[in-house]
């Protein structure tokens, strides 16, 4: 039986080895590239696969149609997921006739979701386990194939329980995989009434509340002990981490957070005292409790506290879905530059936002909006402003995958809009300049211009009409149910991190990235239909400043408004853009590392995009609404934008790749 495996971490290594031992043929393994910001104390699936001579891949988005097609070509009989961190699309789950199966680190249906290992310790459970279950669209909700219980000892911490679960997983897989290979796959439906769901844990969740019962504080220490980030508290402004502790007898009449003694180091909780056995001050070394007290300058009677507040006013919480995208990562940077904003984000990757992952006001979860509905609903309820930025927005995908464009761009985003209506949250929705379609106005006005698209047999319009329909639904919710909204329409924003050269290689990128790839690889620049189509190119910095002002919404002037964000002065044809780009390329200091210019090549849009494509001659915005509502005016010249975008991509090319 041929298997394709998705795996990561120690559990991934155990799963791969168990599948091999059971006599399966492994066609390929999909894993993750290690994150430099993460403590990778665990085994490497990629090294294991390489040593076994098995093809291994680590795509940023395994659910992209390109990868779905490649997995389909492998023709797997069965699919396994062992601690792979991204949920798999239904397209992938349906590729294997025998089904797709996931190993989860709890006794389902309890502790669905993220970090069950840590959550069971936080909650003081005495038992957990591992479960192999059939994969369905909803996370961890499929029929149970087999499970194995694991007792949690009172002295277990996260790492010891992790090792127990790995052993239990191997025993479970050794027992059930041969049976499954013969076609005998047990299936027991989960009882939804018993289901519990837990989200991802973040380092800041380790902050100790000394007003909690001592058992609760001790369990938190156990749950996040090394190599996890640790439970922590503050002595004044000095942070310290507790790595191990024990529960002591009652501390009657002592205020929670008070130091009872320094040798041993004991701190009062709500109903007892926590003895700190080992700990660490700041970024120092791990020491015993009494030495930690000395390092911190603690004396009996001192009070430990929460971190000092920077302001008495609660920060504005902004939820960005698609935070790793072009607009999302630049907007995050702008918001975090202001002290009064906190950003919550979800995306299927984190390469563009890696620079924010350790920021105390940035909270990120890696996930898919089509799957993590519980997390999204919770955070819509929690946050003040919601920006659903997830969309397929590259023209070649409109003709290649029109149904997927509709499902993601309309159906999934409609669900998020309905959450905003339900919890009465403000939504700032990214419409698109594409909604104007083949409008004949000299400049497109948000409130007056007609929205004109082509015939049904031209699927390139699926993106435009999906966005337009959502615009109309949002408007109706505002009129009929009081939804607070602003629609913004970007006009050809450009800048660093627009997309990637690897996306351009498979044709799934914006125009300028494709042109830069041609220059980098020494291939002809393709001018679709001669490149005479005109667009108004807008610098990402100008665009983000306008979007930031929409979020600020001074005087509520943006409520119920549609706002074009573009630079009418930066109008140019694609051919003019290519010529300007070539001129900047020839002057760049890295020019000598790349091949000679291969010339321009005129290509028919039908041959490039497919028969379902139809282009637009011009697209120029009226920005009167932006001027009136935002006091905004774009200021960055197109040449500056082109040069900065080009520089970013050229410096991202590996030196060895340049030389080749």
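Note that Cβ sites are derived from N, Cα and C of the backbone, with glycine treated the same way.
The model shown is predicted, which means the values in this text are computed figures rather than measured ones.
Straight from Swiss-Prot, the features:
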type: ACT_SITE; residues: 104; note: active site, proton donor
type: ACT_SITE; residues: 434; note: active site, proton acceptor
type: ACT_SITE; residues: 619; note: active site, proton donor
type: REGION; residues: 1-304; note: region 'Formyltransferase ArnAFT'
type: REGION; residues: 314-660; note: region 'Dehydrogenase ArnADH'
type: SITE; residues: 140; note: site 'Raises pKa of active site His'
| Counting Cβ atoms within 10 Å across all protein chains shown, which of the active-site residues 104, 619 comes out on top? | 104
| note | As a whole number of Å, the Cα atom of residue 140 (site 'Raises pKa of active site His') is distant from the Cα atom of residue 619 (active site, proton donor) by 46
| task | Count the Cβ atoms, other than its own, that fall within 10 Å of the Cβ of residue 140 (site 'Raises pKa of active site His'), considering every protein chain shown. | result | 22
| query | Tell me which residues of the chain lie with their Cβ under 8 angstroms from that of the residue listed as 'active site, proton acceptor', as long as they are six or more apart in sequence? | reply | 463, 464, 467
| message | What whole-number Å value do you get for the CA-CA distance of residue 104 (active site, proton donor) and residue 619 (active site, proton donor)? | response | 50
| Which three-state DSSP class does residue 104 (active site, proton donor) fall into? | strand
| task | Return one of helix, strand or coil for residue 434 (active site, proton acceptor), based on DSSP. | result | helix
| request: Calculate the per-residue pLDDT averaged over the region 'Formyltransferase ArnAFT' (1-304) and state the result as an integer. | output: 94
